[in-house]
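Beneath this line is the structure, given in structure tokens, with notes to follow.
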Amino acid sequence: MVYCTASLPLLLLLLVGLLAGEAFAEQCGRQAGGALCPGGLCCSQFGWCGSTSDYCGPTCQSQCGGVTPSPGGGVASLISQSVFNQMLKHRNDAACQAKGFYTYNAFIAAANSFNGFASVGDTATRKREIAAFLAQTSHETTGGWATAPDGPYAWGYCFLKEQGNPPDYCVPTAQWPCAPGKKYYGRGPIQISYNYNYGPAGRAIGYDLINNPDAVATDPVISFKTALWFWMTPQSPKPSCHNVITGRWTPSAADRAAGRLPGYGVITNIINGGIECGKGFNDKVADRIGFYKRYCDLLGVSYGSNLDCYNQRSFGVSTNPLAASS
């Protein structure tokens with residue numbers, strides 16, 4: 001005889017959904033287009049919001065830190081404005097496209113709206129997450145070069161949007177149809193691209209980015225929120241960057257076979273592994289590590305292990321030799 005192992009609260013929730021029919025759809029996660037739960041609640045594997053272990057446990061999809069506030073007053077208690085300015089020392093340089101846009105207050109407001117960000121684990125873990133987030137996004141927006149004043153890792157957040165004449169980055173989908181005349185090229189700290197990312201990001205933060213993608217380059221809080229949405233949200237088969245840096249991700253046997261072990265390097269793999277990882281040493285990965293080490297030093301925390309992805313297969317490359325022909 002086979003017994004159902006689902007917990008009673010989730011069974012009751014599913015039963016209510018069945019009785020309510022179309023009026024009671026899943027609330028979050030992949031079942032709801034990547035939506036986040038209100039009030040920082042955890043999103044269960046089934047797409048429901050809650051704060052108990054049924055929702056926030058190992059199978060949780062997003063905001064898995066629960067609703068317990070971090071000790072000491074949130075993100076601002078972990079990184080001061082002076083340290084933030086020292087990290088992003090040249091972001092307001094006259095030569096930087098984003099001059100005056102990326103402010104400390106905008107970062108703090110956006111960060112505090114994502115429950116779980118920099119609030120999981122001890123103080124060192126929380127600071128390390130801030131360092132990792134700002135490092136990865138600094139690489140995406142860097143204006144530095146090898147001989148730049150104060151070094152190449154003092155020039156993060158110099159750029160705001162993709163340069164040149166970028167395409168519209170529109171991949172028509174039923175769920176996220178592109179708006180007429182709108183382009184979904186890279187904008188903001190993570191350089192969010194494509195309608196299928198703008199759509200769920202906007203839904204998660206409560207703003208229509210399909211019809212207003214330029215908001216990512218005109219409203220600094222929205223801009224930071226899109227990057228934090230990407231950071232906090234797993235996109236199968238990839239874990240979230242948040243879960244990796246806070247130690248909540250446990251690699252599978254396939255991950256281990258692919259060289260994907262817990263550490264900063266897996267975050268690089270999540271963000272751009274198909275281009276940068278599994279190819280030996282390359283300057284882009286080294287640049288991401290350089291930012292990270294500098295920021296960890298400024299925050300007074302250790303780096304952890306497995307910083308690079310030089311020998312990691314990307315999440316899009318199978319370890320199964322038959323996969324390519326299947």
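Using N, Cα and C of the backbone, Cβ positions are placed for all residues, glycine too.
Summarising the annotation, Swiss-Prot assigns active site, proton donor to Glu140. Sequence-distant contacts (6 or more apart, same chain, Cβ under 8 Å) of Glu140 (active site, proton donor) comprise Gly186, Pro189, Ile190, Gln191, Ile271.
For Cys28-Cys43 (among others), the entry in Swiss-Prot reads disulfide bond. DSSP gives Cys43 (disulfide bond) a strand state. The Cβ of Cys43 (disulfide bond) lies under 8 Å from the Cβ of Gln27, Cys28, Gly29, Leu36, Cys37, Cys49, Tyr55, Cys60, Gln61, Ser62, Gln63, each of these being in the same chain and 6 or more residues away along the sequence.
Here Swiss-Prot flags Cys37-Cys49 (among others) as disulfide bond, drawing on sequence analysis. In this structure, Cys37 (disulfide bond) belongs to neither helix nor strand by DSSP; it is coil.
Taken from Swiss-Prot, the feature disulfide bond covers Cys42-Cys56 (among others), and the record attributes it to sequence analysis. For Cys56 (disulfide bond), the count of additional Cβ atoms within 10 Å of its Cβ stands at 21 [all protein chains shown].
According to Swiss-Prot, the disulfide bond annotation covers Cys60-Cys64 (among others). In this structure, Cys60 (disulfide bond) belongs to neither helix nor strand by DSSP; it is coil.
Positions annotated as disulfide bond by Swiss-Prot: Cys96-Cys158 (among others). Sequence-distant contacts of Cys96 (disulfide bond), defined as residues of its own chain at least six apart whose C-beta falls under 8 angstroms from its C-beta, comprise His90, Gly143, Trp155, Tyr157, Cys158, Phe159.
Under the three-state DSSP scheme, Cys170 (disulfide bond) falls in the coil class. Annotated disulfide bond per Swiss-Prot: Cys170-Cys178 (among others), in sequence order.
As annotated by Swiss-Prot, disulfide bond applies to Cys277-Cys309 (among others). Within the same chain, residues at least six positions away from Cys277 (disulfide bond) with a Cβ under 8 Å of its Cβ are Gly265, Thr268, Asn269, Val285, Cys309, Tyr310, Gln312, Arg313, Ser314. When secondary structure is read from DSSP and collapsed to three states, Cys277 (disulfide bond) falls in the coil class.
Here Swiss-Prot flags 26-66 as domain 'Chitin-binding type-1'.
Taken from Swiss-Prot, the feature signal peptide applies to 1-25, supported by experimental evidence.
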Could you tally the C-beta atoms, other than its own, that fall within 10 angstroms of the C-beta of Cys37 (disulfide bond)?
25
For a quick check of packing: other C-beta atoms within 10 Å of the C-beta of Cys49 (disulfide bond), how many?
23
Where Cys170 (disulfide bond) and Cys64 (disulfide bond) are concerned, what is their Cα separation in Å, rounded?
31
Report, in whole Å, the straight Cα-to-Cα distance of Cys178 (disulfide bond) from Cys42 (disulfide bond).
30
What is the interatomic distance between the Cα atoms of Cys178 (disulfide bond) and Cys56 (disulfide bond), given in whole Å?
34
Helix, strand or coil for Cys309 (disulfide bond)? Use DSSP.
coil
Counting Cβ atoms within 10 Å across all protein chains shown, which of the disulfide-bonded residues Cys28, Cys170, Cys178 comes out on top?
Cys28
